[in-house]
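Worksheet for the structure shown next.
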Amino acid sequence: MDKQTLVIKLGGALIENDEALTALFATLKTFLDEQHRPLVLVHGGGCLVDDLLKGLGLTSTKKNGLRVTPFEQIPFIAGALAGTANKMMMAKAIATDIPAVGLCLADGGLCQVTQLDPALGAVGDCQPGNPALVTGILGQGFLPVVSSIGITAQGQLMNVNADQAATAIAEALGADLVMLSDVSGILDGKGKLVPQLDKVTALDLMEKGVISDGMAVKVKAALHAAETLGKPVCVASWRYPDQLLKLLAGGAVGTQVAI
């Protein structure tokens, strides 16, 4: 594998939008066929978790953009993310003729996960681990599809924010990182796209409340990744396949987050 590995984090309501998911995987197929570049997908699936918990009569809250995960709920959340969401992604890959392997953060020790904050319950902090398994899978021509469920050294299932998980995986692989969500990138106070975002500007926008909640988590993860990887991280949308192909080919799309 001579070409730089690319980690793509898929988020937002994508998993509930079958048409968009189909278009995305068609774009990824074109990219893989044309570029022959190693690719890793990392996904969450918060909308599936919300639907499942609601169906079970359970409540779900967030604190600073992170889902509070009571330990009694983690079996359901792990089932939604590592089970349903992961296999839905796998199904699209297979239907698009992309050979893929479904994984979680614990497989092969890819990421080291510990409890982030007791107040959040079974929510994990994610650090880069051993990339050997994923590197081997990539070397065999498969697409790793990784859910954001981790396991601690004590064997406890943990729900990890998918942006943070993708960052840790990119660090472990020394890869480029693209974060795809519902929005076209980072937006300013007037709803306009910010093409380039540095740490000083990002902190200022967060202090003013322009960037908050889930987007703040995303920006912090992107800043951390940009600093660790020593290169910009892109935050863009999955909604426009033509723009996505341009982005994957190195074009300027979305927001470039740099230190």
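Any Cβ shown, glycine's included, is placed from N, Cα and C.
Of the residues ARG37, ARG67, Swiss-Prot puts just one in the substrate site with GLY45, GLY46, ASN159: ARG67. Most Cβ neighbours within 10 Å among the recorded positions LYS9, ARG67: this distinction goes to LYS9.
Take the mean position of the Cβ atoms of GLY45, GLY46, ARG67, ASN159, the recorded substrate site; other residues of that chain with a Cβ within 8 Å of it are GLY44, VAL49, THR69, ILE77, ALA80, LEU81, SER148, ASN161, ALA162. Here substrate is bound by GLY45, GLY46, ARG67, ASN159 per the record. The longest Cα to Cα distance in that group is 12 Å.
Comparing the binding-site residues GLY45, GLY46 by how many other C-beta atoms lie within 10 angstroms of each C-beta, the top residue is GLY45.
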